[in-house]
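One structure is given here, and the rest of the page talks about it.
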Amino acid sequence: MVPASLYLGFAASIIWVGEGTYLTAAALSHASNHKLHEGTVIGSFNGEFWGMFASHQFVGNLITLAVLKDDKGGSTSGTTLLFIVFLGVITLGTILMCFLRKEEDKGEKETADASVNFYSYLVSLSKSITTLLADVRMLLIIPLFAYSGLQQAFVWAEFTKEIVTPALGVSGVGGAMAVYGAFDAICSLAAGRLTTGLPSITFIVSGGAIAQVVVFLWILINYSVTSGVLGTLYPLIMAALLGIGDGVLNTQLSALLGILFKHDTEGAFAQLKVWQCASIAVVFFIGPYISLQAMLIVMVVGICVALVGILFLTIQVEKAFYSPRS
C-alpha cells in the first residue's frame, strides 16, 4: 500500500497544480478576449469547475450506497464491483485530459521554442518558491490553505467514522456523503457566480466558515447518537453544512490565487497543495491518538486563525497592492 500511496500522491499533485494553472490561464484568456472583469471570470470558471468536481461526490456516493451492502457479522459486500466502476471512470477522465490544449500567442510560442535546460528550470523553480514564501499575501493565505486540508480530512476520517457510521451504518456513509457532495456542488456554482474580487472572496469564505463552525460546536457541545428519524437526519444536516463550507473554500481559494498570483500560478497552486496535503496528512497521522473533542478544538482554532489571516489580507494588504497611487 505504501508504494501505491506514494504514486497516487505524486500523480495527484501534478494534476491539481496543472488544473489550477490551466483554469486560471483559460479564465484570463477568456476575460481578455471578451473584455470582461478578470475577477468575475476567474470566479465563474472556478465555480463551474468545482461544481462539476463536487458533483462526483454526489454521484459517486450514490453509486457506493447502491453497490455496498452490510452483511451479517459486520462485513461489507460489493467492494470489487465498486472498484471496477471507479477504475472505468478514472480511465475515462485520463483520456479526456489528453484533449486539453493551451492557447498561445506568437510571443508565447517563441518562448516555448527556446531551449531551456533542466538546471535553469530548477533555479527558476527554487526562485519562485522562495519569492512566494517571502510574499506577505502568501503568508496570510497559508493558514487558510492548511485549514482547507484539515476540514477535508476531518470529513473523510473523523466525521464518517465517529458521526455517520454509528448513526447510519457503513452503507449509510455513501448517502451522507452524497448529501455532502450535492451541497458542495451547489455552493461551488453559487460562490463562483458571486466572486468579483478579494472583498467578495473574504465575505463568501466567512460564510462558509460559519457553516462549518456550527457543525464543530454542535458536535463538541451537544451531540449524541440517537435513534429514529432525528438520528438519521442530524448527520445529513451536518454533512450538508460541511459540504457548503468545502464548496466555498475550494472555489474561493482557487479564485484568490488566480487573482493575486496570475503571473506565477504554478508556484501559487503548488503552495496550496503543499500546505493542504500536509494538513491532511497530519489529521490522518494524529487522528488515532487524540479524541474527537480534541480534533474539533483544533478545527475551531484553525478556522479562526485562517479567518484572521484573510481578513487582514483584505483590510491591509489589498490597499498596498490595489489602491491608486498618487
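Backbone N, Cα and C define each Cβ position, glycine as well.
Those TrEMBL annotations? Automatic predictions, nothing curated.
Outside the transmembrane segment (6-28) by six or more residues, the chain places 38, 41-42, 44-46, 49, 97, 100, 102, 254, 257-258, 262, 265-266, 268-270, 272-273, 277 with a CB less than 8 A from a CB of the stretch. According to TrEMBL, the transmembrane segment annotation covers 6-28 (among others).
For the transmembrane segment (49-68), the residues of the chain that approach it from at least six positions outside its boundaries are 19, 23, 76-79, 81-82, 85-86, 89, 170-178, 180-182, 184-186, 188-189, 192, 243, 246-247, 250-251, 254, judged by C-beta separation under 8 angstroms. Look at TrEMBL and you will find 49-68 (among others) tagged as transmembrane segment.
According to TrEMBL, the feature transmembrane segment maps to 80-100 (among others).
Feature annotation from TrEMBL assigns transmembrane segment to 136-157 (among others).
Away from its own ends, the transmembrane segment (163-186) comes close to residues 50-66, 68-70, 76, 155, 219, 223, 225-226, 231-232, 234-236, 238-244, 246-247, 250 of its chain (Cβ-Cβ under 8 Å, at least six residues beyond either end). Positions annotated as transmembrane segment by TrEMBL: 163-186 (among others).
Feature annotation from TrEMBL assigns transmembrane segment to 198-221 (among others). Long-range Cβ contacts of the transmembrane segment (198-221) within its own chain (Cβ-Cβ under 8 Å, at least 6 residues beyond either end) map to 39, 43, 144, 151, 163, 187, 191, 238, 241-242, 244-249, 252, 255-256, 259-260, 292-293, 296-297, 299-300, 303, 306-307, 310-311, 313-314, 318, 322.
The transmembrane segment annotation in TrEMBL covers 233-260 (among others).
The transmembrane segment annotation in TrEMBL covers 296-315 (among others).
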For the transmembrane segment (296-315): best-contacting stretch of 80-100, 136-157, 233-260, by Cβ pairs under 8 Å: 136-157
Distal contacts, the transmembrane segment (136-157) - CB-CB under 8 A, six or more residues away: 180, 205, 212, 242, 245-246, 249-250, 253, 256-257, 260-261, 268, 271-272, 275-280, 282-284, 287, 295, 298-299, 302-303, 305-306, 308-310, 312-313, 317, 321
Spatial neighbours of the transmembrane segment (233-260) far in sequence, C-beta under 8 Å, 6+ residues away: 20, 23-24, 27-28, 38-39, 42-43, 46-47, 49-51, 53-54, 57, 137, 141, 144-145, 147-148, 151-152, 155, 159, 163-164, 167-168, 175-177, 179-188, 191-192, 195, 197-198, 201, 204-205, 207-209, 211-212, 214-215, 218-219, 223, 226, 268-269, 272
